[in-house]
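Below is one structure, written out as structure tokens; the observations come after it.
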Amino acid sequence: MPGQELRLLSLDGGGVRGLSTLFILQALMQRINPDNPPKPCDYFDMIGGTSTGGLIAIMLGRLRMSVRECIEAYTELASKVFVKEHLLPAKKLWKLHRAKLRARFSSEVLKQCICDVLQKSQRSADELLKDTLPMSCKVCVFATSTGTSTPVAIRSYPPAREADDMYQTTKIWEAGRATSAASTFFDAIKIGPHKQEFTDGGTGANNPIQYLWNEAQDLYTPDSRLEDHLACIVSIGTGRPTFKEFGDDLADLADTMVRIATQTEETAELFHQRNRHLAQSGKYFRFNVGDGLGEIGLDEAAKVGQIKDRTDKYLGEEVNFERLSRCAKALEVSEKSDELTYQQCT
């Protein structure tokens with residue numbers, strides 16, 4: 001596995017548009033080695049994500065899929081989960097909204113799809129997110145605790161600073177469900193020995209880059225600056241959502257997604273402002289197709305081709321083509337420190 005310095009990957013949430021994330025990542029891996037694109041788990045020390053970004057983080061990091069394998073698995077998952085027949089009727093949604101808005105997609109279908117992915121990867125449905133393999137890619141997904149209304153990391157590795165009962169008990173499918181609940185589309189779920197509930201993330205951590213940064217800081221460099229040990233941090237978005245996600249009948253609920261979209265972009269801008277020197281030195285890259293994907297709703301899994309076309313167009317623009325090449329170079333020439341990582345595995 002390459003590495004003298006740390007590589008981090010942050011993945012936004014975004015429903016079926018998570019495929020855009022994967023198409024960007026596929027292009028990045030192909031830029032590193034066109035003949036034999038590497039797996040992200042072999043290049044990134046830590047992958048973090050929220051909602052669908054969390055599901056992808058689990059597939060790439062914990063299940064060690066190639067990007068091609070992940071695209072196939074996620075396309076199948078999205079075609080079953082993000083479909084209109086699994087949306088609750090508008091009248092029922094309005095009643096729930098007046099009380100306390102809950103699921104908009106089927107949580108049971110999502111659970112079954114995650115378990116199907118595990119089965120096809122020759123893993124048990126009860127397998128833990130916990131990963132004890134030395135030098136493995138670390139995975140953290142973010143969900144919002146009902147009790148504190150703050151994002152919580154669910155990890156494949158033991159935390160650096162405090163005890164984490166969920167690390168010892170959380171199943172892979174539970175982690176996937178919990179991080180998906182953070183996007184307000186699925187039922188809350190209780191996991192862990194204390195049955196901690198995770199639910200509506202609202203404007204929590206749809207763009208988890210700062211939380212991922214904090215995790216890496218605590219785990220790898222608690223007594224020094226993370227940036228001094230950083231090769232590259234890559235953040236990938238899913239475009240900017242529009243009201244179309246809920247349709248005309250649900251326009252009254254669209255403010256939820258507006259808040260999430262606003263928070264996502266504000267988080268990206270704030271991180272860039274605070275770490276402008278990292279961007280200028282080729283250590284921070286943010287890729288996000290932007291407005292081109294906004295017309296594609298969360299439930300429009302049939303528009304995979306359109307997502308691919310718009311992502312390819314974005315990557316084909318000169319400025320983005322050049323940035324992707326610089327990002328690939330930053331990932332390729334810098335190497336991850338075995339000593340730094342091993343300290344956290346013992």
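Quick reminder: no glycine exception, Cβ is built from N, Cα and C everywhere.
Feature annotations, courtesy of TrEMBL:
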type     : residues : note
DOMAIN   : 9-213    : domain 'PNPLA'
MOTIF    : 13-18    : motif 'GXGXXG'
MOTIF    : 49-53    : motif 'GXSXG'
ACT_SITE : S51      : active site, nucleophile
ACT_SITE : D200     : active site, proton acceptor
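Taking all protein chains in view, 32 other C-beta atoms sit within 10 angstroms of the C-beta of S51 (active site, nucleophile). Summarised as a single figure, the pLDDT of the motif 'GXSXG' (49-53) averages 93. Taken residue by residue, the motif 'GXGXXG' (13-18) breaks down under DSSP into 4 helix, 0 strand, 2 coil.
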